[in-house]
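Taking it in order: structure first as structure tokens, then the write-up.
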Amino acid sequence: MNAPVSSACRLKSKMVKICCIGAGYVGGPTMAVIALKCPSIEVVVVDISVSRITAWNGDQLPIYEPGLDGVVKQCRGKNLFFSTDVEKHVAEADIVFVSVNTPTKTRGLGAGKAADLTYWESAARMIADVSKSNKIVVEKSTVPVKTAEAIEKILTHNSKGIDYQILSNPEFLAEGTAIQDLLNPDRVLIGGRETPEGQKAVQALKDVYAHWVPEERIITTNLWSAELSKLAANAFLAQRISSVNAMSALCEATGADVTQVSYAVGKDTRIGPKFLNASVGFGGSCFQKDILNLVYICECNGLPEVAEYWKQVIKVNDYQKNRFVNRIVSSMFNTVSNKKIAILGFAFKKDTGDTRETPAIDVCKGLLGDKARISIYDPQVTEDQIQRDLTMNKFDWDHPIHLQPMSPTTVKQVSVVWDAYTATKDAHGVCILTEWDEFKTLDYQRIYDNMQKPAFIFDGRNIVNVDKLREIGFIVYSIGKPLDPWLKDLPAVA
């Protein structure tokens, strides 16, 4: 009987078939761009969620991402397919990307810090069960260092003579610019085993990306370096945000302007200007989760000082959100009980409908804790999602939707409306929590005329013209900016 031909060799001899397990924020856009740039490769995205796959096959895609719609509709039905028949397409594929959720554990060993690899492990076992030919298995989810080793063990112990090569190919997408990031990446990172077979597999994946990515931007490393690079990149980015947010508190205390400070700092070419905007805090599915994961790995490897260092990045982020809520309450005569507060923006940043770990959740919960009535407007987030976020336990959002509570109990003091003017009508205060472009050009005179007086604006993203708003009559708080005279007389906010 002939031995199975290596997966890397097979890629040379026939049309390549790629299957991606997981049709979420990473899997969907990444596979759509691979299909667009590699018309000779058949790409299938599989997921057990029927509603999600139905949406990918319909007119209204399940995620909002500028440019995604056009790419999907150009390729769908030609060489890009979305299916719930997971096992069939995994069995047929040469390269299997795994892009499943890796939530933070909520119980047991490492609860609150370690990544929960339940979905990853079940994906690996399924791959082993259904495979009849050699496979290259690619980690696309953000995973702890050494996950590849664990997956390799599961696959080799269930191999039935099939050869599996595990690669780490972390994604470095920013939501809101994901399609551009995929079309023109800073780098593509591929980690593999330093064996002849491992290097062949690395080359096979490199050949896919080489259809459109210049060779000098495709970096190859060992498995562990690739896995750790993703966690490190996110930790460094989050650290920059917490650094400038820590400075914003000092700016308010001293009369400095954080925008001017960060501009001056960013002019140093060793530092650069990106990720130096002070705000109400960072959000998104990765930063907090990846830092907690990094903290746990450091603790497990006997590095408590390193763990403490990275913990501080999250502590400052939590401090910034609490400080913002405290500023709102103290400004409004130390109570927001039964006052209408308008929330403009709920997504964690503009140009996405993603609410995972958005600072808006903690700000809203803080205000609701003081019995405020909240009216929320976001151009891309549904009422169902907002209610779900405000009632869900911490970390529950990162489990597949069918495993989340089915009918969230609604928060009665929360209304979700479909324009900014309805949200702000009769409100005592307005909080800007997402930097949507449309919030820069609202008719603030009209908003002021329809609000209770004194009318407050709390700008958590530093996007409004403070002087113009003060001329209209608003009392304005902007993060890290010199304080409004009204606010100066109040006790300092910790």
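Just so you know, glycine gets a Cβ as well, placed from its N, Cα and C.
Those TrEMBL annotations? Automatic predictions, nothing curated.
Keep in mind it's a predicted model, so treat the numbers as computed, not measured.
Note on Asp47 (NAD(+) binding site): other Cβ atoms within 10 Å of its Cβ, all shown chains, come to 24. The NAD(+) binding site annotation in TrEMBL covers 22-27, Asp47, Arg52, 100-104, 141-142, Glu175, 286-289, Arg356.
The Cβ neighbour count for Cys286 (active site, nucleophile), using a 10 Å radius over every protein chain in view, is 26. What TrEMBL records for Cys286 is active site, nucleophile.
Per-residue confidence over the domain 'UDP-glucose/GDP-mannose dehydrogenase C-terminal' (342-466) averages out at a pLDDT of 90. According to TrEMBL, the domain 'UDP-glucose/GDP-mannose dehydrogenase C-terminal' annotation covers 342-466.
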Integer Å distance between the CA atoms belonging to Cys286 (active site, nucleophile) and Tyr25 (NAD(+) binding site): 12
Nearest-integer angstrom distance between the alpha carbons (Cα) of Gly22 (NAD(+) binding site) and Cys286 (active site, nucleophile): 16
Helix, strand and coil residues within the domain 'UDP-glucose/GDP-mannose dehydrogenase C-terminal' (342-466) as assigned by DSSP: 42 helix, 19 strand, 64 coil
Nearest-integer angstrom distance between the alpha carbons (Cα) of Cys286 (active site, nucleophile) and Asp47 (NAD(+) binding site): 21
